[in-house]
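I have a structure I would like to understand better, so I am pasting it below and will then ask my questions one at a time.
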Amino acid sequence: MPVSSSLAYKNYDYDYDSIQPYFYFDNDDEDFYHHQQGQTQPPAPSEDIWKKFELLPTPPLSPSRRQSLSTAEQLEMVSEFLGDDVVNQSFICDADYSQSFIKSIIIQDCMWSGFSAAAKLEKVVSEKLASLHAARKELISDSSSNRLNASYLQDLSTSASECIGPSVVFPYPLTESSKSSKVAPSEPMLVLDTPPNSSSSSGSDSEDEEEEEEEEEEEEEEEEEEEEIDVVTVEKRQKRNEAEVSDSRYPSPLVLKRCHVSTHQHNYAAHPSTRHDQPAVKRLRLESSSSNNSSSNRQGKQRKCTSPRTSDSEDNDKRRTHNVLERQRRNELKLSFFALRDEIPEVANNEKAAKVVILKKATECIHSMQLDEQRLLSIKEQLRRKSEQLKHRLQQLRSSH
């Protein structure tokens, strides 16, 4: 890469000499920038190509073709689109015109991002905005002095007074319905009394008010639903209590006879084979649970007598028996570990010894005991042989005498 092209990033005054050969080749008839000979070569890959376009002049801006509407035309358009507040505000005040004008002039493109072009664009935009504000002020003065506007406001006030009341639509007693009905007819007056220059703010205020009213109505409906639910539940509870009282006052003999049979049900939680083998604490728990079950059976005789025994109750009984057997197995395993710990001298006094430690110490103790056994057996064999030798010698001495 030549040195002259590398200096283009640091100083923009040398752009005419350093960048021109990459776009304008040597021509004797049209020599615009008086470039040097021998520099006609394509641009390097690392060269910033988009900076070259800053040297090109920007074309003149075309004038705006949009014409401003008169007051009568604006009022006619408002009367056509009276149902939609957003459309009314957009046609009366033309709030989005300045934004669309700015977006149409300032084009975000690398071809028009030069410093001189940006300055010209800012100047044109400021002039157009100033002329636009002046035209709007004239429209405000014309509309305030116009009689059509006053008659239109009168028509709106009469139409607002003829609106249907919310009590006709919502027959339920609402706490804040009067407040909402008072706020509703004053909305169009507030929207139209504001000048056209503040159309966006008035539109947003009206939308906010509508949203607040909708939220209030939803909250009121939710409160009504909650109140209705409370009333229904209270009535159901009262009916249920009355039914229970009537059943308790006038019990039938057939139901009492069947309940007497259901009191002798078998307790699946306590097996006769394993009841006496359980520890005292577990036995007390089972007895207390059985007493609680019997008391609950006595309290709810009618419901248990009328409803037959289902598969769910059988599953619960099976699960209960399984839990009892599992507790017994765990207790037996724990007791066996405690007994093994007491037999090992290294862990006998350690009550908090883990099961792994107990097993390791037990294996070590077994190996040591096996070695002692072999040693003692060898000593025993030696002593036996020695005793035999002594007996044989004793016999020899006796025979010699």
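Each residue, glycine too, has its Cβ placed from N, Cα and C.
Quick paste of what Swiss-Prot says about this protein:
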CARBOHYD  Thr58  O-linked glycosylation site
MOTIF     76-84  motif '9aaTAD'
REGION    177-251  region 'Disordered'
COMPBIAS  205-230  compositional bias 'Acidic residues'
COMPBIAS  233-247  compositional bias 'Basic and acidic residues'
REGION    286-325  region 'Disordered'
COMPBIAS  288-297  compositional bias 'Low complexity'
DOMAIN    317-369  domain 'bHLH'
REGION    376-397  region 'Leucine-zipper'
Can you give the mean pLDDT for the region 'Leucine-zipper' (376-397), rounded to a whole number?
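Mean per-residue confidence for the region 'Leucine-zipper' (376-397): 95 out of 100.
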As a quick check of your reading of DSSP, tell me how many residues in the domain 'bHLH' (317-369) are helical, how many are strand and how many are coil.
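Tallied per class, the domain 'bHLH' (317-369) gives 42 helix, 0 strand, 11 coil.
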Tally the residues of the region 'Leucine-zipper' (376-397) by DSSP class, grouping H, G and I as helix, E and B as strand, and everything else as coil.
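Once the DSSP states are binned, the region 'Leucine-zipper' (376-397) shows 22 helix, 0 strand, 0 coil.
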